[in-house]
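J.: I have a structure I would like to understand better, so I am pasting it below and will then ask my questions one at a time.
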Amino acid sequence: MRKMACKVAYEGTYFAGYQVQPGKRTIQGEIEASLKKIHKGEELRIHSSGRTDSLVHATGQVFHFETSLAIPVSRWAKALNALLPADIRIIEAVEVSKDFHARYSAISKQYRYRILLTKEGDLFRRNHCYHFTEMLDIEAIKEAAQHILGKHDFSAFCAANTSVIDKIRTVTRLELQHVGDELLFIVEGDGFLYNMVRIMVGTLLEVGTGKRDPHELQAIIEGCDRTKAGKTAPGHGLYLHQVNYPEPIFS
């Protein structure tokens, strides 16, 4: 058996999320259906670096699977893309070692959150950016973001219904960039809780509009209480941008 790893991009707009759900259109379901056709009806399960919610996009999700087929490495991406819908694209496929795991071998992930700052919005970006019309104090957001950096219990930035017990994570990068008429949040860390990035963004936007003081972030984190943090930013502005491994596996 060979183990293959794939880097995949998808537009999350018309999916019920990444993970397979009976009777619903999901990214995992579409990929596994395509692999089943390639394997002449054999059921295969893919294992990803993590799950994304409905409406959330990816430019660098990673998954792996095992195969007995002798298809050359260079042909896997083309073979899958020929069967996948237009809103899922395999960017690259590589053969990896037997001990590689898309999730457990990862050492960090980078998410990006796009905010459109124009007054009227943009018809063609309505599913790909969060249209935010209020004025933002960028310096206040940057000041608040400093409290998020580092190793913390991020219970306050995690959906209340999560079953995860250990909520300690390390955020190594939280950066804001102006890209044309958009504000881009870049967040990198060793792992993320359910809705963690979206709650961070929602809370920082409240700082930016003056609803919160930048120094409140420290108390919110120390309090470990989800109700003290801000609203969860909408899913359609979020992108899983990159998954990092000890040794780079993609070109």
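The backbone N, Cα and C atoms fix where each Cβ goes, and this holds for glycine too.
Curation does not apply to TrEMBL; its annotations are automatic.
Heads up, here are the entries from TrEMBL:
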- 9-105: domain 'Pseudouridine synthase I TruA alpha/beta' (DOMAIN)
- D53: active site, nucleophile (ACT_SITE)
- Y111: substrate binding site (BINDING)
- 144-246: domain 'Pseudouridine synthase I TruA alpha/beta' (DOMAIN)
J.: Would you mind ranking the recorded positions D53, Y111 by how many other Cβ atoms sit within 10 Å of each Cβ and giving me the lowest?
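T.: Sparsest of the recorded positions D53, Y111 by Cβ contacts within 10 Å: D53.
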J.: Measuring Cα to Cα, how many angstrom lie between the residue listed as 'active site, nucleophile' and the residue listed as 'substrate binding site'?
T.: 13
J.: Using DSSP, what's the helix, strand and coil tally for the domain 'Pseudouridine synthase I TruA alpha/beta' (144-246)?
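T.: Summed over the domain 'Pseudouridine synthase I TruA alpha/beta' (144-246), the classes give 32 helix, 31 strand, 40 coil.
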J.: Tally the residues of the domain 'Pseudouridine synthase I TruA alpha/beta' (9-105) by DSSP class, grouping H, G and I as helix, E and B as strand, and everything else as coil.
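T.: Helix/strand/coil tally for the domain 'Pseudouridine synthase I TruA alpha/beta' (9-105): 24 helix, 24 strand, 49 coil.
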